[in-house]
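Reading through the structure tokens given below for one structure.
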Amino acid sequence: MKLTCVLIIAVLFLTAITADDSRDKQVYRAVGLIDKMRRIRASEGCRKKGDRCGTHLCCPGLRCGSGRAGGACRPPYN
């Protein structure tokens with residue numbers, strides 16, 4: 001009986017430790033994915049005046065404006 005209780009407690013303890021470790025790894029995996037997406041977007045370059053900008057960044061000095069056909073990079077309003 002004592003041996004069974006010790007084994008149950010040991011299994012529960014080890015399960016709790018491994019569950020905690022896997023939760024932390026999942027967070028780091030998500031952070032790594034976000035960093036990878038940023039690197040991919042940065043490598044694509046910026047969008048020039050008149051280019052569509054829904055999911056991409058406009059070049060410096062331009063902003064993504066809305067229109068009937070979707071967003072396009074254009075100079076900011078004064």
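Just so it is clear, glycine is given a Cβ too, placed from its N, Cα and C backbone atoms.
The signal peptide feature in Swiss-Prot is assigned to 1-19; the stated evidence is sequence analysis.
In the three-state DSSP scheme, CYS46 (disulfide bond) falls into the coil class. As annotated by Swiss-Prot, disulfide bond applies to CYS46-CYS59 (among others), with the evidence given as similarity to another entry.
A simple way to gauge crowding: the CB of CYS53 (disulfide bond) has 22 other CB atoms within 10 angstroms, across all the protein chains here. According to Swiss-Prot, the disulfide bond annotation covers CYS53-CYS64 (among others).
Secondary structure at CYS58 (disulfide bond), as computed by DSSP, is strand. According to Swiss-Prot, the disulfide bond annotation covers CYS58-CYS73 (among others).
If you take the Cα of CYS46 (disulfide bond) and the Cα of CYS53 (disulfide bond), they are about 9 angstrom apart, rounded to a whole number.
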